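Taken from TrEMBL as is:
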- 139-164: transmembrane segment (TRANSMEM)
- 184-204: transmembrane segment (TRANSMEM)
- 216-238: transmembrane segment (TRANSMEM)
- 258-280: transmembrane segment (TRANSMEM)
- 292-309: transmembrane segment (TRANSMEM)
- 362-380: transmembrane segment (TRANSMEM)
- 392-414: transmembrane segment (TRANSMEM)
- 420-441: transmembrane segment (TRANSMEM)
- 448-468: transmembrane segment (TRANSMEM)
- 502-526: transmembrane segment (TRANSMEM)
Amino acid sequence: MATPFLTTSTTLSLSLSTHLHRLSSSLSSTCFPFKPNLHRVRRSPSLLASYGNPHLFNHKDHHSTYKSLLSTRILGPKSNFLQMGPSETSCSREILVKSSASDSSNTVISTLSQKVFGVLHLVVSLGIVLAMDKFLKQAFVAAAIKFPSALFGMFCIFSVLVILDTTIPAAATSLMNFFEPALMFIQRWLPLFYVPALVVLPLSVRDIPAASGLKICFIIAGGWLASLCVAGFTAIAIRKIVNTEMVDAEPMAKPSSFAPIEFWTWGGIFLASFVSAIFYPTALGTTARTCLPFLLASTVLGYMVGSGLPSAVKKVLHPIICCALSADLAAVAFGYISQSGVDAVLGDYLTKVSSNPGAGDVLMGFLGSVILSFAFSMFKQRKLVKRHAAEIFISIILSSLFSLYSTALVGRLVGLEPSLTVSILPRCITVALALSIVSLFEGANSSLTAAAVVVTGLIGANFVQATLDKLRFRDPIARGIATASSAHGLGTAALSAKEPEALPFCAIAYGLTGIFGSLFCSVPVIRQSLLAIVG
């Protein structure tokens, strides 16, 4: 009885196989544009087992096996045909699209929130620095102290950071991180804050005789180079004497470049305010306030254009000079069109009256905060400052003495009038301290003092980097000390814009040169010796 059953089972299996082959061929020709890779259907393990033992044959397993074989062999192992796949795929695609849109919107919101937070962080941190500068100024005025309040604040901030770093390092780090946006803003626009004195320079030198003017220019140019060499070579010599090995400075972040939107924005402000000021000269109450927007925009645009010049051009035409020329050209154009004259426009550029400020007054209002920010740059390089303290202090002291006595001696040799020579003695010292120094001498011309300081800074800003390269001053300490000791703030701004790692040492030399110069001229013996040399 087993034989007929086996025969029937075998026949059934072969007929099913033949039927499956015909069905797959039919489906292949009607449903698919390609020819599926069909092979002979292998016998199921359950069927093979049943051949030897019919009691092991299971009709349910047999049915499911052939259903699986039908799906796999005809459509492929990964096919979803005749299943719920298409509808599920469509739903998953909709979910993915919605998820992608949601992620995109979340990214946009996150980016906007970060930008808003960044702007608020900048405003708060910069506002605190400006408030500190204003508070110190008012306190020094109330106490009748003539010493620049910003220099005092710079050394105070530096001291506080050093103390915190020693006791609570995390607090010092948090303080640095909090003021980082303000520091980057100041560093980005640093040269711009020293430009107003250059813009109004034509008003300061017009009363000086031409012959005396040439002698003064010779003293200033030659004295700048001599002071730079003395400071730089002294720093290197002291380092060799004390046998201090030079190590790399801490990397300093560089400010971002100017975006096209900034050019277009300031350009639009310039055109709109320039035309408005021509037709309505007192639209904002006074001519100074009315001219402020376009004069400020012309100054900023000049700095942006100068910063974008090729490196070879910037060695001859520094962005600071390009900036000052741009503001002067705008003043000349407005004075000619409005028939008010260039002198009147330049007078409105820097009024030095808080109730009626000009564009120059706005820019110079940041100078105090600039000096305060130097404390943070010094703190970043505190290890190098401590390591090279001997060469820093000794080179600055010798450079300050050399600058005062060499100016007096050369003025005597070239036959410059004693009153004019005394007026340019503090040529390498920042304006605020230079004016307090010449007040100790009788008959000095404070306007000439300011002009001499500005011209010294102008020469340094334009030629300092190329000169340092020629003299082979490679390390940031020698470059920073030589620059600030010979060209004060303008030189500092010019060099630090390209070499941020030199800024801390520029800041130290910038402050100490003014301090030591003031102290030396306050000593009666030194003051009398200078007057004796001048004649």
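The backbone N, Cα and C atoms fix where each Cβ goes, and this holds for glycine too.
Remark: the transmembrane segment (139-164) makes no contact with the transmembrane segment (216-238), by the rule of 3 or more CB pairs under 8 A. Counting only same-chain residues 6+ beyond the ends of the transmembrane segment (392-414), those with a CB under 8 A from a CB of the stretch are 215, 218-219, 222-223, 226-227, 230-232, 234-235, 238, 385, 420-421, 424-428, 477, 481, 485-486, 505, 508-509, 512-513, 516-517, 520-521, 526, 530, 533-535. Residues 290-291, 293-294, 297-298, 300-301, 304, 307-308, 330, 334, 337-338 of the same chain, all 6+ positions outside the transmembrane segment (258-280), place their C-beta atoms under 8 angstroms from a C-beta of that stretch. Per-stretch counts of Cβ pairs under 8 Å to the transmembrane segment (448-468) identify 216-238 as the leading one among 184-204, 216-238, 362-380, 502-526. Of the candidate ranges 184-204, 216-238, 502-526, 184-204 has the most C-beta pairs within less than 8 angstroms of the transmembrane segment (362-380). Below 8 angstroms of C-beta separation, residues 208, 390-392, 394-396, 398-399, 402-403, 406-407, 410-411, 414, 416, 420, 424, 427-428, 448, 452, 455-456, 459-460, 464, 467-468, 471, 473, 477-479, 481-483, 485-487, 509 of the same chain, each at least six residues beyond the ends of the transmembrane segment (216-238), sit close to that stretch.
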